[in-house]
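**Q** Got a structure for you, questions after.
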Amino acid sequence: MLALILTISICIFLKGSTCSYINLGSEGIVFGAPNCPVDIPLTCTNSTPIDNSCCFESPGGILLSTQFWDYYPPIGGNESFTLHGLWPDNCDGTYEQFCDDSLNIRSATDIVLNQFGDKVLYGKMSEFWKNFNGNDESLWIHEFNKHATCVKTIRPTCYDNQRYVKNKNVYDFYNITMNLYEKLPTFQFLAAEGIVPSLTQKYSKKQINDALTKYFGKAVYFKCNKYKALQEVWYYHYLQGSLKEENFSPIDTIINSNCPEENIQFIPKNGFNPGPQPPKSPRKGYLESPGKKGCLISNGLWYEAGTCATYAISQQEFGGYKIRSSKGYCGMNSQGQFTCNKQVDPTKNQFQYNKDTRKIGYGGNFAWCLDTEHKHGDGKTAQTPIKISDGQCDSFPVQYGGK
């Protein structure tokens with residue numbers, strides 16, 4: 001009877017909702033869902049704090065379904081964008097990453113296929129959730145450890161203790177991510193408006209924007225590579241209730257496309273070969289701030305009196321950049337300070353690097369501040385940690401100066 005009552009209340013709520021899509025479990029309820037109020041607001045729209053973190057996703061209230069079109073080397077089917085992930089971004093566009101090591105996993109296949117026996121889900125993941133290097137499993141693990149550990153509403157504590165089994169949150173994340181991807185067939189959206197892969201035909205930004213907006217209902221972010229070719233598409237959503245309820249509400253993208261206004265390529269898979277490419281070597285240079293005295297030394301601290309350290313910046317396997325000095329890889333410590341030493345794991349510290357401005361960012365934020373409360377020494381010889389700005393300090397950019 002309880003299940004029936006809960007089912008009815010959810011269905012009534014859905015009929016009055018603006019949500020475009022939702023999946024319910026076979027019993028008519030979402031497994032292990034908490035007793036969430038039916039009138040809980042969409043994420044990022046609340047005027048007062050929501051205490052129940054099992055019913056309201058925060059701070060990652062923007063959910064992005066991200067898809068890639070990898071044409072060289074060709075990844076995935078010729079008529080499908082591949083799934084990259086489901087990301088919880090903060091309402092201001094910044095984001096957390098690798099939030100809880102205790103939730104990390106080492107295998108996705110064991111959980112989806114062996115523990116839960118879901119051959120259908122595993123088959124879909126294998127076909128559409130592809131890694132450019134051929135190791136799909138490593139991408140699935142990375143996406144969970146980096147992003148899903150930051151999703152508060154699918155923490156194990158948000159499940160009914162009597163019905164929760166180990167790794168149910170992992171299985172749910174993969175299943176929900178795939179469900180949302182299947183509702184966003186980017187290739188078909190574009191093809192329906194005459195935008196198809198071609199080595200000769202080129203398209204305008206307006207054509208692509210109008211096509212995606214028509215079928216998603218809101219403005220969509222799309223990204224081009226250095227060849228002015230379409231490569232990524234991101235769909236932004238707010239969420240109502242727990243992620244387990246899959247009550248996504250489309251919203252406009254909060255960032256602008258980098259694609260040119262005209263002559264955008266949509267290159268067929270197997271239809272492009274750039275020729276021999278020189279090996280990529282790490283960029284090397286100083287980390288400093290234009291007009292600001294000082295720079296970063298090898299331990300990651302800001303110093304005014306000495307010689308700047310040389311930092312190497314290179315791309316990570318799954319996106320983002322890793323930074324290294326003579327002391328070791330660099331990352332953000334438990335106090336939120338930039339630090340470099342041999343204990344830092346670069347795979348858990350993905351920085352951003354804007355090639356045009358040469359600015360370094362972390363978690364979507366490119367503003368840094370001096371943590372003067374924890375400086376070492378005084379005067380010109382003081383060594384001061386830097387941290388990502390919280391909006392309450394005198395911020396400055398950290399810029400890479402190539403040698």
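Heads up, the Cβ atoms here are built off N, Cα and C, so glycines get one too.
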**Q** Regarding the disulphide bond with Cys158, report which of Cys36, Cys44, Cys54, Cys55 Swiss-Prot records as its partner.
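**A** Out of the candidates Cys36, Cys44, Cys54, Cys55, the one Swiss-Prot links to Cys158 is Cys54.
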**Q** From the candidates Cys11, Cys19, Cys91, Cys99, select the one that Swiss-Prot records as forming a disulfide bond with Cys44.
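**A** Cross-referencing Swiss-Prot, the cysteine bonded to Cys44 turns out to be Cys91.
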**Q** Give the distance between the Cα atoms of Cys150 (disulfide bond) and Cys91 (disulfide bond), rounded to the nearest whole Å.
**A** 14
**Q** By DSSP, what is the split of the region 'Disordered' (268-288) into helix, strand and coil residues?
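**A** Summed by class, the stretch gives 0 helix, 6 strand, 15 coil.
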**Q** Radius 10 Å, atoms counted are CB only; among the glycosylation sites Asn78, Asn175, which position scores highest?
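**A** Counting every other Cβ within 10 Å of each candidate, the maximum falls on Asn175.
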**Q** So among Cys54, Cys99, Asn175, all listed as recorded positions, which is physically nearest to His84 (active site)? Use the C-alpha atoms.
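**A** Closest candidate to His84 (active site), judged by Cα separation, is Asn175.
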